[in-house]
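Colleague: What follows is a single structure, and I will ask about it in a moment.
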Ligand SMILES: O=C(CO)[C@H](O)[C@H](O)COP(=O)(O)O
C-alpha cells in the first residue's frame, strides 16, 4: 500500500498548533488530514478556536468538535494550515484548485503564520503548469476573461457538470494555463488591475513554511530567506 504523503505532511504541520491558538483551516484533500488530526487533538484536550476557508472545511471541523468562531469575534489568527496546487522555492504558491482561493487568501493574510502542506508533486521550479484559478464576478464575465487572456494564458471557465462552477462566494472561476509564470508578482499585479477579477490564486509573500511529504516517508521543510 502506498504511503499517504498528504496525511504525513498535514499531521506534521498540526504539531505547530499549540494550546490557546486561533487557527485557520484550509481547504482540499491535504488540509482535510490536518483538520482531522486537529479534531483528534481537540478531543484529547487541545484548546483552540478556528475559522474555516470553505463550507466543506467548516462542516468537517464542526463534525469533529473543533470550536469555530465567527470573523467578528477575533481580529486575526495565529496560524493557518492549508494546501497548495503548486509551490516554488520562494514559497510563492498557486492555490484555488478547490475553488476556495478568495477565502483562503483572506484567512492566510490575516494569520501570524501560514504553513503549506503538500505532497512532493506540488513542489516545482517554476509556477504555471497548474492552471491558475482566477475568481471573477458573473457580471460581464466574458469581457473579464478576454482581458485575462491578453496576459498570455488560455482561460477556461470552470464547470460543475452541465453548469458553470460557482465559488462559495457566488463567483465564477477561470482556470488560466500559463505554462511558465516568469514573474508571479508582475502577473499578480496585472490580474488585480482587471475590473471584474475578484481574486487570483497567486499567493506571494504569504506562506512562511511548507511541509512537503515524500513517497520515501521523509518530510522536507521549506522556508524562505524572508523567514531564515
Ligand atoms: O487551494 C486549494 C483549494 O482552493 C487547495 O489547497 C489546493 O487545491 C490543494 O488541494 P489538495 O490538497 O486537494 O491537492
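One is the number of the first residue shown, and numbering goes on along the chain from there.
In case you wondered, yes, glycine gets a Cβ from its N, Cα and C as well.
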Colleague: Would you identify which residue of 12, 122, 129 TrEMBL lists as part of the substrate site it also attributes to 27, 28, 29, 30, 82, 83, 84, 85, 95, 96, 97, 98?
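Modeller: Looking at 12, 122, 129, the one TrEMBL places in the substrate site next to 27, 28, 29, 30, 82, 83, 84, 85, 95, 96, 97, 98 is 122.
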Colleague: Could you tell me which of these binding-site residues, 27, 29, has the greatest number of Cβ atoms within 10 Å of its own Cβ?
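Modeller: The most densely surrounded of these binding-site residues is 27.
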Colleague: What does DSSP assign residue 104 (active site, proton acceptor), in three states?
Modeller: helix
Colleague: Which of the three DSSP states, helix, strand or coil, fits residue 122 (substrate binding site)?
Modeller: helix
Colleague: Are there any residues in the same chain, six or more apart in sequence, whose C-beta is under 8 angstroms from the C-beta of residue 104 (active site, proton acceptor), and if so which?
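Modeller: Once residues fewer than 6 apart are set aside, residue 104 (active site, proton acceptor) is near 26, 27, 53, 54, 82, 95, 96, 203.
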Colleague: Of 27, 97, 122, the binding-site residues listed, which put a C-beta under 6 Å from ligand 1? Please answer none if none do.
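Modeller: Close enough to ligand 1 are 27, 97.
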Colleague: Looking at Cβ-Cβ distances, which residues of the chain lie under 8 angstroms from residue 122 (substrate binding site) while being 6 or more apart from it?
Modeller: 83, 84, 85, 86, 87, 212
